[in-house]
Amino acid sequence: MSSNKKRRIDEKPMSALSALQARRREAAASPVQTTQTGSESDEKSVTTSVNPYQLLRKDSSQSTAPKTPKKNVVKDQYLPRGAESPASRSRGVVIASGNTDTLNPELAGASQKVVREYSSFRLSKQNHRVKTGGVVELNLSNSERFLVLGSFGIRVIQGEVSLAGATLYPSETIEWVHAPHCHAVPMLRTIDETILELHPDRNARGIRQLGRLSPLFRKIWNESPETNSSKTSKESTFEIIYTSEDAPKKCIIQKLVSPPEWNKKLSSLVATSRKKPSLSTLICGPKSAGKSTFSRLFLNGLLTDRSQKQGARSVVILDLDPGQPEYAPPGTLSLVFVTKPNLGTPFTHPSLKNSAFTVVRSHSMASATPAPNPDLYLACATDLFDTYSKHYSGAPLIVNTPGWIQGTGLDLLSSLIEKIKPQEVLYMSEAGPDEAVNALRAATKLMFTELPSQPSEFTSRTAAHLRAMQTMSYFHLQNTALKTSNLLDTSTRLKWDASPLSSRAPLLVQYSSSKRGVLGLLSYDYQCSPELLADTVNGLVLAAVEIEDRKAFSNFPQEVAPPPLVSTSPENIPFIPNYDDVALDPRYSRTIGLVLLRGIDTKSETLQLVTPIPLEEFRSIKSQGRSIVLLHGKFDTPNWAYTEELYERAGTEEGNDMVLEVTEEDTEDDQSGVEPEGADGVSDLTEVPWVEVLKGSQRRPVGSQVWRPLRHLGRNNTGD
């Protein structure tokens, strides 16, 4: 007999009247009015009390054995949508979900509803109006805060608006924001007497429609406009979220939060940059500690600091995290010249050039981690920093690093600090490990600061998911100029083509003639036999690398001076043998983008490439007498590309109910072989290359997953 059962049997009997009186006293002691809780002063958690007799109601959840919540996700967090009067809500203007607070233990078992507020006001006829084209003008007399979900443009007419570390002032320029709830959503805050406009983003239609091609892009925006009947909602790409009851179903919205220690350090750094415009800051720390978030807040604070001169508002980002880069596609290191605040997520700006930023120089690791070739990682980082020193030394520099802080990763960080010599090193954790902190502090010549980490409690996308989304977004890009309403806004913005990659005409590149389009294929980390080359690279992501000088091959063994030795496979595909696993010299080469090798036509001897790289760029490189090498390595397998057409043909639209499971932030992301949810609906359509069809409860055999080596081994480990 269990202890619980023993307690129930031995318990002193209580009369029904005594039980009723006890429960009424317990209910009377519970809070009746709205209470304010939370870590932030501007966040309210509203508890609605019930009548005293409601405690006597039997809860179905109590009549059965308690179930252990999966991944610590409490089902009560997903609250039902609440009805809202039309007067208090503008159609096509906002929704979001929130986390529920812990219930009062005195009221455990009672039917309660916990509501978290995200906005300090409601729309009314007095504080807003809807203009032509779905533009919402807000006239706020008091300091307010509110949360907007979706894609929108913001223009300040009077007053100030702050979001994601940026402060926006009256201007004719529209700042464009992408706020999906798979990332932390920024809160908008205003001062007294502020007038602003929220503009629908017509360019967002393409990226929202990527949900038709992959479950990764579904259920991450505001509610589908088609669910509302009003004309305004059909034109809108955003919604204002008032409370957690307004949230889309089955989603957890986390606000972008900056702890007090962060705010203090950010203010100090911005003030220092006024006296020293070339301030350099290196941000490091363990994974999921908030390095990218802090970098984004710092960047936006520098770019919108009003005390700076108008013509000097630019910041250089040295992005050294190949697994989760902010601007360039995954697998690359880049030097980025930024002129506008970063108000979107990485998968909303994966291009190498945009009106808000320009990737000055980029190198490919052909991998999402520096582990395969630490020496190449340091060489690429050194070249990018040298480029900054030669051409952009007068601008502030922010260095973002990967979350690899042990073993070889710690050696790499120490080497980077010694090379860059930043004015300040920020370590985004106060919990060590001591070995890493002491080593980094010793390598730092000037200031070393530890800040508290800010991890996300839950996430609907793992790091592997986000890399896939960023890569998929990159390959669906197309550049265009956009004119919005009557405002002068003709700057180039990103636009996405939501058609499957398999339906597009590929770029045909001859590989066997004397005027072939590429010098050859080059493999990092592993050189397969020539007979297997075609099958090895077909269907994979490759990096297109411009050879600026033949000295780029100086590391390769050569019997004679350059050009390098080029061999051919049985299909006459040219490749550069790399059995010694050496790399191109980054001082004489650069990555111009990524390509997807869709197919190899052995009859016409052409490579079929899908890429957003403009054809003019290829022609410009060839006209200068330079060569292009296609780099093959350990890029993530583009599983999303193989199933796009299947999902589209299955009719799984963006507005369906399939969503990805919410997991903990530190979930193991090494699940590239796991099929996304919703794959069952497309399994019987047709046979597709590189797609394995599993029916029913069928599973892959044991050992079919990719085996990967340990990443934490030291660089100088001899294996003895």
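Backbone N, Cα and C define each Cβ position, glycine as well.
Just so it is clear, the model here is predicted, and its values are computed rather than measured.
Annotated features in Swiss-Prot:
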BINDING   GLY285, PRO286, LYS287, SER288, ALA289, GLY290, LYS291, SER292  ATP binding site
COMPBIAS  663-672  compositional bias 'Acidic residues'
REGION    1-91  region 'Disordered'
REGION    663-686  region 'Disordered'
REGION    698-720  region 'Disordered'
Cβ packing number for LYS291 (ATP binding site), 10 Å threshold: 25
Environment of GLY285, PRO286, LYS287, SER288, ALA289, GLY290, LYS291, SER292, the listed ATP site - residues of the same chain whose CB lies within 8 A of the CB centroid: GLY403, MET428, SER429, SER453, PRO455
Under 8 Å between C-beta atoms and at least six apart in sequence, can you list the same-chain neighbours of GLY285 (ATP binding site), or say none if there are none? LYS291, GLY403, ILE405, LEU426, TYR427, MET428, SER429, SER453
Out of PRO286, GLY290, give me whichever of these binding-site residues has the highest number of other Cβ atoms within 10 Å. GLY290
Three-class DSSP secondary structure - LYS291 (ATP binding site): helix
Residue among binding-site residues SER288, SER292 with least C-beta crowding, 10 angstrom cut-off: SER288
DSSP state at PRO286 (ATP binding site), helix/strand/coil: coil
